[in-house]
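J.: These came from TrEMBL, pasted as-is:
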type   : residues : note
DOMAIN : 656-790  : domain 'U3 small nucleolar RNA-associated protein 13 C-terminal'
REPEAT : 101-134  : repeat 'WD'
REPEAT : 143-186  : repeat 'WD'
REPEAT : 373-407  : repeat 'WD'
REPEAT : 418-460  : repeat 'WD'
REPEAT : 477-509  : repeat 'WD'
REPEAT : 519-560  : repeat 'WD'
REPEAT : 561-602  : repeat 'WD'
REPEAT : 603-635  : repeat 'WD'
């Protein structure tokens, strides 16, 4: 059993972290439990607490969803696609209830329901607005007069007024009277597109433009009564409710207050009466330079959860406490191309992910809460984690490396950084025994060894670091003639191995970076190098589609593993060094047993290049990350599969024994049913033959076949197609066919699955059997005729005598 456990033969997907939001408007339902996120042609409904896609509304036309809206009563979900179709969904059951043409000549850009959830307004890219009666299912109004794309529509909250507010690219706010279908007022004063509207009461409207100045309108006079300069591009804003304690947000007195979310990536609270900013959300020191990349596109208040939700241009969704703006949860909607991934934390409770961006993402696996780590200024290319799992290193195109540490509360901070490479740093490896040094390699073809001061580890542990310390390279060595793709440190911290585009892998001494040997044999560039945790062996993977094992003493090639049809990008040792797991640019994972040189399993879990591959400390879980934006967690299911196979085998033996007993006892009906459930065509045939051998066999067979269930009869029909191809078994097949044709009506036979294919297969063989029997009958009649003639001739001779 122990030997079996140390040789995994199968991994299964235990979890897949896929993109669920790719941009556009996000909406949360009334009780705050579900979030609606557009993702290309799908609209994902996400369980906010567990971050699990509950259901997906997908357009059959394969066109992207351009707009959607959920009704205030949470009952009706409407989506619009670029194919100019509107769909109404029962979102809880993921059912499309109705599809109709939008009547717009261009895609729908905005949607809104009225307070009663009976009227739907759609603003199109064709400058028109349509109003739909959702109960009677027809278009009630066609409002013309806007200029350009109508990107904002909003009903007045007082339904008795029957007013609709809209805004298009001419920066004006139009008020439409639905009784007369006319534009009754034009609120003019903005110099940029209006991004959101908020009603303070029946007669006060606050409008938020993209640039600089928010305006408060009196809807009676239809004049602006106050302007509030906000000094940034505002993409979204919300009014704070009058009830509730918002003193921690600078709200000291009664009056209108609003929260803005804009280009600076932070929330600000404004007092309308004084036009003053009363609260600004603090910014972490690392992110000051990259504020524009954190620009917010949406802001929502969820009263049921007492939360404010923001959405950023980087597709991150953040949930804050509404009264303190303390971060509660952060979700990453889209990871873009994932370049590397590693398990993190003492119990591998987190994963750290390098995406096609300067920010790192740390996911807590239990909750999917995501921390965004700011620091690098260009795309992060590689990661490595120290043995204890609390400290890790990242390197990026910005020619730098950064050392990060996870605190006891799960927060990650940058504790050190190093600069020195002339080009982007493409590979990094940590020391294995202690947190003592880091090795990096770059496109400048050099290797650098960076020492980590002992004081740094102790300071980081005690959380005494206020800003990152600077690291300096101890040794720099030109290693290869082309880009170095991979670097790794041996388990005893004495050796370093590098792999390069020059098709060579090299072995270096850790102390002074002196060259010890060269591994030559790959036909194309080497993507990955890894030391065995148990033997003096180095594994390499290459763009030539092979993996090679090399001896460290004589630098000879010990084994070559062939099987990948594309470049092998990453390799790791698993099963205590007895197996290799490799990932290819074709999205396939392969598990190899080193002793036998064979590929024991091929896993298909990605649609693009797998750049990230890492196993946890317990060696029973693997994480992969790919260019298809997916992160997949694989669990070793060898033991489970073996147990299942054993249980299945035992059950099979029991059933076979039972079948044998039933045949012995001549309980044919049960025997037939059991043989069909075991999917044994030959055994079923033996049962049929046994029944036909009995006295009144035909009659008994008829009785047994008639009493079978429909699914069993369908199975027998597929079996007899095979029997009918052999002249030895055709009589049994024809007997069963006769029974089915006699007792089943043609209409019910037509309902059988596979009936068409069965009839097409049965006809030619049945005809052949008929011809054969006809010839046999003719031959027997001829023999009979000859026999009769011989008898007559014999009788005549006797008479003559």
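Note: Cβ is positioned from N, Cα and C throughout, glycine not excepted.
Heads up, TrEMBL stuff is auto-annotated, nobody curated it.
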J.: Could you tell me the mean pLDDT over the repeat 'WD' (101-134), as a whole number?
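T.: Here the mean pLDDT over the repeat 'WD' (101-134) amounts to 93.
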J.: Counting by DSSP secondary structure, give me helix, strand and coil numbers for the repeat 'WD' (603-635).
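T.: Helix/strand/coil tally for the repeat 'WD' (603-635): 0 helix, 19 strand, 14 coil.
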J.: Using a Cβ cut-off under 8 Å, which residues of the same chain at least 6 positions beyond either end of the repeat 'WD' (603-635) come close to it?
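T.: Apart from its flanks, the repeat 'WD' (603-635) reaches 11-19, 334-343, 348, 351, 353-354, 363, 365, 389, 569-572, 574-576, 581-591.
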J.: As a quick check of your reading of DSSP, tell me how many residues in the repeat 'WD' (477-509) are helical, how many are strand and how many are coil.
T.: 0 helix, 20 strand, 13 coil
J.: Would you mind listing the long-range same-chain contacts of the repeat 'WD' (519-560), meaning Cβ under 8 Å and 6+ residues beyond its ends?
T.: 482, 485-491, 495, 497-507, 566-573, 576-578, 580, 582, 584, 592, 594, 597
J.: Of the listed stretches (373-407, 418-460, 561-602), which one yields the highest count of Cβ-Cβ distances below 8 Å with the repeat 'WD' (477-509)?
T.: 418-460
J.: What else in the chain is close to the repeat 'WD' (561-602), if you only count residues 6 or more beyond its ends and a Cβ gap under 8 Å?
T.: 6-11, 524, 527-528, 530, 532-535, 539-549, 608-615, 619, 622, 624, 626, 628, 634
J.: Using DSSP, tally how many residues of the repeat 'WD' (143-186) sit in helix, strand and coil.
T.: 3 helix, 24 strand, 17 coil
J.: Could you tell me how many residues in the repeat 'WD' (561-602) are helical, how many are strand and how many are coil under DSSP?
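T.: For the repeat 'WD' (561-602), the helix, strand and coil counts are 0 helix, 26 strand, 16 coil.
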J.: Using DSSP, what is the helix/strand/coil residue split across the repeat 'WD' (418-460)?
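T.: Secondary-structure breakdown of the repeat 'WD' (418-460): 7 helix, 20 strand, 16 coil.
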J.: Using DSSP, how many residues of the repeat 'WD' (373-407) fall into helix, strand and coil, respectively?
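T.: Per DSSP, the residues of the repeat 'WD' (373-407) fall into 0 helix, 20 strand, 15 coil.
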